[in-house]
């Protein structure tokens, strides 16, 4: 189950766009071998809102593109398919039978700015940021160079296999 809540009014969001975001989330999860019913919440916000969240949770007082709030715990270097592939989840991890993976806060305003900066479509940028965030929910990180290389490779592989190119 994917919940989308549009809390901004700077970028037009229609059902087709929301469905594409749901499709890329589902696709990325399948690519990462998530073989259980799941729940992810996505909020679309603007730069001011994501700046506030970034300051509150990361103590960084500036707008960013996307923030991820994973609900599962991972040791450094471990990802979902390494730890939870055949795991028996406790009821506390589930909501009405769905594994709660976490929340995504995506600034559509920042995504639009970046799509222009990088010279590709808004859809490609939002799909990339969504994949990036989903991978964070699954334990990927980019704080260390080796982790960053692995995460970037997975992002590009998923984008290409989903037929979204730069």
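Placed from the backbone N, Cα and C atoms, the Cβ positions cover glycine too.
Cross-referencing 120, 142 with the Zn(2+) binding residues that Swiss-Prot gives (132, 136) picks out 142.
Sequence-distant neighbours of residue 136 (Zn(2+) binding site) (same chain, six or more apart, CB under 8 Å from its CB) are 68, 70, listed in sequence order. Surrounding the centroid of the Cβ atoms of 132, 136, 142, where the record places Zn(2+), the chain contributes additional residues within 8 Å, namely 68, 133, 135, 140, 141, 151, 155.
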